[in-house]
Structure formats: C-alpha cells, structure tokens
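Under the heading ATP binding site, Swiss-Prot lists GLN9, PRO10, SER11, GLY17, ASN18, GLY146, ASP147, ASP148, ILE189, LYS198, MET199, SER200, LYS201, SER202, citing sequence analysis as support. Annotation comment: Swiss-Prot describes 10-18 as motif ''HIGH' region', evidence class sequence analysis. Under the heading L-tryptophan binding site, Swiss-Prot lists ASP134, citing sequence analysis as support. Annotation source Swiss-Prot lists motif ''KMSKS' region' at 198-202.
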Amino acid sequence: MKTIFSGIQPSGTPTIGNYIGAMKQFIELQNEYNCYFCIVDEHAITVPQEPQKLRQQIRSLAALYLAVGLDPQKATIFIQSEVSAHAEAGWIIQCNTSIGELERMTQFKDKSQKNGRAGVSAGLLTYPPLMVGDIVLYNADLVPVGDDQKQHLELTRDFVERFNKRYAQKNQEILTIPEVKIAEQGSRIMSLQEPTKKMSKSDTNVKGFISMLDEPAVIRKKIRSAVTDSTGVIEYNKEEKPGITNLLNIYSAATGQTVEELVQAYEGKGYGDFKADLAEAVVALLEPIQVRYQELLASEELDMILDEGAENARLVANKTLQRMKNAVGLGRKVRR
C-alpha cells in the first residue's frame, strides 16, 4: 500500500472550498492509502502568531478534520510540533540545501518583496526544508498538492535525489522520492463575490466564502448574495458565466448530483429558486459535521486521538531520522 502525506496549516477555519478541494478527497484516500495528515503548527510560526489563538486553531482544525470523516483507525492524524523528528530532519535538510534554492521559492520572494527582506523572519526562508522533512520522514510515495505548491514538491524531489546520491551506500536509498498527486479537475471552488478568483478564508470580503462552521442563516445569506449574471439561465459556462458555474460546482459536490443533472433539473427556473435550494443543500451537508465537531471539542476523545497519532507518527519518523543521522555522520556511532 502506498503512503500519502499531507500537511495542513492551522490558519483559521477551512471553507467549503477547502472541503470540496481537499478534505473530501482525504476521506476517500484513507481507504486506499496509508495516510498521514499532519497539522503543521511549526510552519504557522514563520509569521507572528498569538499563542493562545494558535493553540485553539490547532485543536479546532484537528476536530474539524475528524468531524468530516477522517478515521483514526485508517489514517494517522497528528500535530507536527509533537513529533520532534520534524525539526531535527529540517536542520539536516537545511544543511544540504543552498540559499539560492530557498530564495527562488515563490512565497519567500513575494513576501520579502512586499515587506522587504529585513521585515520577514528567517523561518520564511528556511521553512521549505522543514516541509521536505515533513514529507520524507514518512517515506511518502504521494503528496496531494494544488498548483501553488508544486514548487515545494520539486524541491523535495531534488533534495532526495541529491541526498541519496551523496550519502547512500551500496545503492540502498535512504529516502523515498515522492510523486505529486494533483487534486482532481473541477475541485477548485471560487469566491462567491469574485467568481474568477479562488475562494479563500483570508478574503477581506466575508461574503466571498462559506466557512465550515458558518451558521445556517449566514450560509443562506451568503448564497443569496452570490454574484451571478443578468441572464437568469442556469448553465455551465466558466468563461461567460463564472458565477453560476461556481454555484453548480458547489451544488454538485454537496449533493453528489452531476452538473448535467442539475442543469436539467433547473431548466426554466430562475436563480432565486436555484440559490435557495443550494443553500439548503450546503446547510444539510455541514450540519452533521458541525455537530460532530462540537462533540469532539468538548470531549477527551480528541486529545486521545491526537496523542495516539503522535505516538504512531514518532515510530515511523524516528526510524527515518536515524537513517538520515547515520548517513551524515551525526552522533558517536551508527544506530539502528
């Protein structure tokens, strides 16, 4: 069985775009692969964080992923900072990565140009090696990523090839070269207010996204005010009708009906009826998730699952870390 690793940033409540584009697929992947889902809190502190809020977001995100259907019997879900091998591996990887490689990373270039090099943390430059460590520690064969993160996977692959070539003995590879697993087509959900840009939880216009924890009345209001067009005809056309096309994608993901079935069902009907029904479909989708989320937050079950997840993750990560330490010559002697 192949292994999948995915890191999840604890940076606010996911949107239905995150659910449709990633979380929903994770639930399916756990049935076919050996999955590790890691809440990457060490990555979060590359920018300033309020400690209490960060801890709250870590538990909240873990509860939400379990509430949508991640099964701790099938997948390992854990907190990055609770497995110290991540930081140790990150240092070994930094020492085998050039400054030039890191300065070419898009996120560092964008933020350092925006804020000036003196205004960003060193962690923003060096976090890609930590991300490489996240992946290689679990011998990941596949990493699900969006188009915006393919660059990090290329860095990971380049590093692993270089590390194995430099340190492997008798052609025995030390680390596994991961493959990119691109999300399925059609899973990109757009803003409700600007349907040509991706839905984002950091959107300053809160009407542009639906949070996984939005109340039913809020969901109905946001969908009612979603931007469409003046024709009133429900059809799928990304170029000319991006608004209604986006709503059709959401409706399809929420109900399991195909876009074609939905277009046929609403033939001759207006946007008002369509939006009202879509809102109820989204409410029905999120309601059981929200109930389970609240149960987990209020119980000891969540912490028990995360404790066990960290323990299972350590068993695998520490073995890989020891291979890396042995390879580069750390410690007084080779350990197994």
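Just so you know, glycine gets a Cβ as well, placed from its N, Cα and C.
Quick caveat, the model's predicted, so the values are computed rather than measured.
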Per DSSP (three-state), ASN18 (ATP binding site) is helix
Over the motif ''HIGH' region' (10-18) the mean pLDDT stands at 93
Quick note, ASN18 (ATP binding site) and ASP134 (L-tryptophan binding site): C-alpha atoms separated, nearest Å, by 21
CB neighbours within 10 A of LYS201 (ATP binding site), counting all protein chains shown, number 17
Looking only at the binding-site residues GLN9, ILE189, LYS201, ASP134 (L-tryptophan binding site) has its closest CA neighbour at GLN9
Excluding its own, the Cβ atoms lying within 10 Å of the Cβ of MET199 (ATP binding site) add up to 24
Minimal Cβ count within 10 Å, across the binding-site residues GLN9, SER11, ASN18, points to GLN9
Across all protein chains shown, the one of the binding-site residues ASP134, ILE189 with the most other Cβ atoms within 10 Å of its Cβ is ASP134
